[in-house]
Amino acid sequence: MALSSSSFSPTSPSSHPGSRPVSCPRFTTARHLASFHRPRPPLLPASAIASLRALSNPFSVSRAVSLSKAHAGGRQTRFSIKAGSQASAAGSNPLSEKISELRDSCWRFLRPHTIRGTALGSIALVARALIESPELINWRLTFKALYGLIALICGNGYIVGINQIYDIGIDKVNKPYLPIAAGDLSVESAWFLVLFFAAAGLLIVGWNFGSFISSLYCLGLFLGTIYSVPPFRLKRYPVVAFLIIATVRGFLLNFGVYYATRAALGLTFKWSSPVAFITTFVTVFALVIAITKDLPDVEGDRKFQISTLATRLGVRNIAFLGSGLLLANYLGAILVAIYMPQVFRRSIMVPAHAIFALGLIFQAWVLEQAKYTKDMRIQILITYFLYSIEQICQSNNA
């Protein structure tokens, strides 16, 4: 099982003729690494891969990775890897290193940006339910809320993990920084993690939240399974794929968390205008994410004959479609705040969504000027960032 996220073991010929190749040490020099060529270079620039690793890896802060491109003799990327301390460079405790590398790989396996969206969305809905019934707040329910958040993270880990297991070939082209595709996590270890996440999530939900929420949780796991696993593999069908994503990340998450929170407070479920707005807004938002998520993966999807909206309609058209739907969502939020001041706080809703809309228009203009040659994942990360702030703003609605 290969669990190293930063070690390289290329072979470099000796300077003496006829000598056998020698393995490079764990922390090697830039000269050796500059001569090491991967058999299949990633489609994303090396700088983008390093940045995405850093964004999703808070545990490797002691390691500095610097990249520089040589402009003479073609595009050649040099890596300079600096050890966090002289002790580790000299050979520190192998067990602690392996534990650190396993932790790093598992964290990247969880796709941290999806965890942030899930956590912030659920916190916003819980806050909304508490704002509606402040007299019923019982701080002893904090542990139950924490269990619910852990169950959601487990479900999220199962869905993104099972997708990585069945997308190894595609990810080696589209997302070479993911742990299985990069060789940092074995398939056996990945299977252990996804089964653990599924079992832990089901146990937590079944023990704490009753049969109805358990049924919704099982539905989410089922949809995530048939999305990725053959013979179903519904991600091959664009319309079905983005409907599954919108359902799981939009409706099921928001409805389920709000229902569970009211049940914990001893209340029956009922729709309120703010909750109906949040659920509708986030479902449309999840639909936009589902439509645009394949923009960075067009080359790999075409190579493996995966049919997506981006491969069928083109990157530019899908980018405009997603931006248009998201812009309409923001404008709708502004209009709702203007025409329903007794329900929503206009002082928050109007300026916040106006800023988001302007930021979206600016990013669409940047992509157009760049002729869509930039790494489209930047747009996805911005989308999740705006989604996170949106969830926090919604929790403050009156």
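The backbone N, Cα and C atoms fix where each Cβ goes, glycine too.
The compositional bias 'Low complexity' annotation in TrEMBL covers 1-21.
Positions annotated as region 'Disordered' by TrEMBL: 1-24.
Sequence-remote contacts of a segment are chain residues at least 6 beyond its ends whose Cβ falls under 8 Å from one of its Cβ atoms, and for the transmembrane segment (146-166) they are 109-111, 114-115, 118-119, 122-123, 178-181, 187, 190-191, 193-194, 197-198, 200-201, 204-205, 208-209, 217, 220-221, 224-225, 227-230, 233, 235, 248, 253, 257, 260. What TrEMBL lists as transmembrane segment is 146-166 (among others).
The transmembrane segment feature in TrEMBL is assigned to 178-203 (among others). Sequence-distant contacts of the transmembrane segment (178-203) (same chain, at least 6 residues past either end, Cβ-Cβ under 8 Å): 1-5, 101, 104-106, 108-109, 150-152, 154-155, 157-158, 161-162, 164-165, 168, 171-172, 214, 217-218, 221.
Annotation source TrEMBL lists transmembrane segment at 209-227 (among others).
If you look up TrEMBL, you'll see 239-259 (among others) marked as transmembrane segment.
Under the heading transmembrane segment, TrEMBL lists 271-292 (among others).
For the transmembrane segment (313-340), same-chain residues at least 6 beyond its ends with a Cβ under 8 Å from one of its own Cβ atoms are 273, 277, 281, 284-285, 287-288, 291-292, 294-295, 298, 346, 349-350, 353-354, 356-357, 360-361, 363-364, 367-368, 372, 376, 379, 383. Feature annotation from TrEMBL assigns transmembrane segment to 313-340 (among others).
What TrEMBL records for 346-367 (among others) is transmembrane segment.
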